[in-house]
Amino acid sequence: MPGIDKLPIEETLEDSPQTRSLLGVFEEDATAISNYMNQLYQAMHRIYDAQNELSAATHLTSKLLKEYEKQRFPLGGDDEVMSSTLQQFSKVIDELSSCHAVLSTQLADAMMFPITQFKERDLKEILTLKEVFQIASNDHDAAINRYSRLSKKRENDKVKYEVTEDVYTSRKKQHQTMMHYFCALNTLQYKKKIALLEPLLGYMQAQISFFKMGSENLNEQLEEFLANIGTSVQNVRREMDSDIETMQQTIEDLEVASDPLYVPDPDPTKFPVNRNLTRKAGYLNARNKTGLVSSTWDRQFYFTQGGNLMSQARGDVAGGLAMDIDNCSVMAVDCEDRRYCFQITSFDGKKSSILQAESKKDHEEWICTINNISKQIYLSENPEETAARVNQSALEAVTPSPSFQQRHESLRPAAGQSRPPTARTSSSGSLGSESTNLAALSLDSLVAPDTPIQFDIISPVCEDQPGQAKAFGQGGRRTNPFGESGGSTKSETEDSILHQLFIVRFLGSMEVKSDDHPDVVYETMRQILAARAIHNIFRMTESHLLVTCDCLKLIDPQTQVTRLTFPLPCVVLYATHQENKRLFGFVLRTSSGRSESNLSSVCYIFESNNEGEKICDSVGLAKQIALHAELDRRASEKQKEIERVKEKQQKELNKQKQIEKDLEEQSRLIAASSRPNQASSEGQFVVLSSSQSEESDLGEGGKKRESEA
């Protein structure tokens, strides 16, 4: 190495400008060394941090590979070959992790320690000495300046001694500090070379040691293992490429074949309806009620499984039972202005669901499939052939149910056509009960023969016009089977203390001959249910029944419009079915025609959600409350009448007392007028005014009238 530049320590006492200039060069060199070594320290520290991170990451990788066999993967989790291969890799990588850990330790000792010691000890020592030298130099200059200003004329031994002592102390301090400072700067020229070379030497030795350990660990067995793994990876890659090519071809074929199916409602000529299905799956919109008038439609995947209709929401692992469709009824319905809707009703009528298909084809296929399953065709040996024989009934279910007027006109007998004596008029809106064919015991004493049955609530009765009523029935009968009568526009239930709401479905109504025994309700239920079964009428109008102390109201769940109002005093009988407590009915007594004396009774039958007895109890409670309210009203009116009589008697008594008071006043005046006559006889005279004379005349007249009375 070339010679080392040095500062002359022997010239520190002289402190010449040349020495100071040379000191400035060494200080500039020290500053450059400090900046460069800081950058080199940061670079080596990054190497050390990276090596530590590599060691930790390698160890973590080995740990994760060991835990692979403990993982539970949904697919391919039981691959023993993969597990054993990863275990072997884990061992090799764990050995590499140990080598990296050794390398990290060597880098810390051989590379980071020397450069850190130079940075933290030697460079900081130079900075400290520089600051101390600067302070000592300033103090020496100040002492020399004070010594130079000593007065020649006015010498003061004490001041001179103090200044001289100050110069001595400051010069000594500067000299000593400067010598140590020069020594440190001269030593720095050696230390900077050591600080540069020693960390690099340690780094290279650590790397060589690391590579030697790696070479020792890499044996022939490991090379063979890596070669086998490379071959396996190439085989898997070739298999993947082949599978990708097959899937791409399948995608292209499916895109061409499925193009017409992208349309929501495909052409029925290209994709005809299959009416012989006994299994079906696909997405449907299900109607769910969220309130009295609100509802939501949820899209779910539905599929049939034997005699069950299953539903599965997106994200669910498995499907759940939506409805038992054995012996169920299915029909197309109109719901909330949506297309392709159909309703499924369970065999017992307790549960019903409204679903919406995506297309007309799906709509008809779902109805046909459910209709086939409901007849248990899927249990036969050849379900498709059996389903073909019942296709006609499925087609009838696809067509939406006609209205009451249409069904009535379609089923009305033609003019001049004879009918059996026991037959009754048959229609979906007005049908005969046909009791002779449906019951062994005739109850004509309760229900008149040939009585029409009303199955639909055609339209609500207008309640805004007083005295208005609708006439139903046949043969010119001007009756109101729903018991509607005119009333004021004020709500009848505003002040009612009882408000109970129930969900009911209207089954039918018919006129009855008696209203004094529950058998009337039972017989009406029997005839209406039998007529519905004969004519395959499954649709029921759902309403909300509001029970108050004034009336019973049927309210439309969708629009909250009152369909029918039954005055509570006209409800004379109510009862539930003896076996099926969901069925209940009541008899309404109304005036028939224009004559108030001609009364008729109509029985209404409803189905509820296991609340038949509760509804009857609520009606009974409403009638009791109404009865007590009527009694209280009558008692209040009677009390008011008594108070009016007492008030009238009190007024008469007060009037009589006033008359008596007036008579007493008149008598006093008459007595006063008789005193002057006595005084005149004694020679004294009293002059009466004209007013007093008039009062006396009035008093005499009053006495005359009293005596005459």
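If you go along the chain as it appears here, the first residue is 1 and each next one adds 1.
Heads up, the Cβ atoms here are built off N, Cα and C, so glycines get one too.
Residues 85, 88, 92, 95-96, 99 of the same chain, all 6+ positions outside the coiled coil (215-259), place their C-beta atoms under 8 angstroms from a C-beta of that stretch. Residues or ranges marked as coiled coil in Swiss-Prot (evidence: sequence analysis): 215-259 (among others).
Within the model, the coiled coil (621-673) carries an average pLDDT of 88. Here Swiss-Prot flags 621-673 (among others) as coiled coil.
Annotated compositional bias 'Basic and acidic residues' per Swiss-Prot: 645-667 (among others), in sequence order. DSSP places the residues of the compositional bias 'Basic and acidic residues' (645-667) in helix, strand and coil in these numbers: 23 helix, 0 strand, 0 coil.
Sequence annotations record features per position, and here Swiss-Prot assigns compositional bias 'Polar residues' to 674-693.
Positions annotated as compositional bias 'Basic and acidic residues' by Swiss-Prot: 700-709 (among others).
Under the heading phosphoserine, Swiss-Prot lists Ser401 (among others), citing a large-scale study or a structure entry as support.
Swiss-Prot lists Ser410 (among others) with the feature phosphoserine.
Per Swiss-Prot, the feature phosphoserine maps to Ser693 (among others); the stated evidence is similarity to another entry.
Sequence annotations record features per position, and here Swiss-Prot assigns phosphoserine to Ser696 (among others).
The annotation region 'Required for RAB5A binding' is assigned in Swiss-Prot to 1-428.
The region 'Disordered' annotation in Swiss-Prot covers 397-434 (among others).
For 467-491 (among others), the entry in Swiss-Prot reads region 'Disordered'.
Sequence annotations record features per position, and here Swiss-Prot assigns region 'Disordered' to 645-709 (among others).
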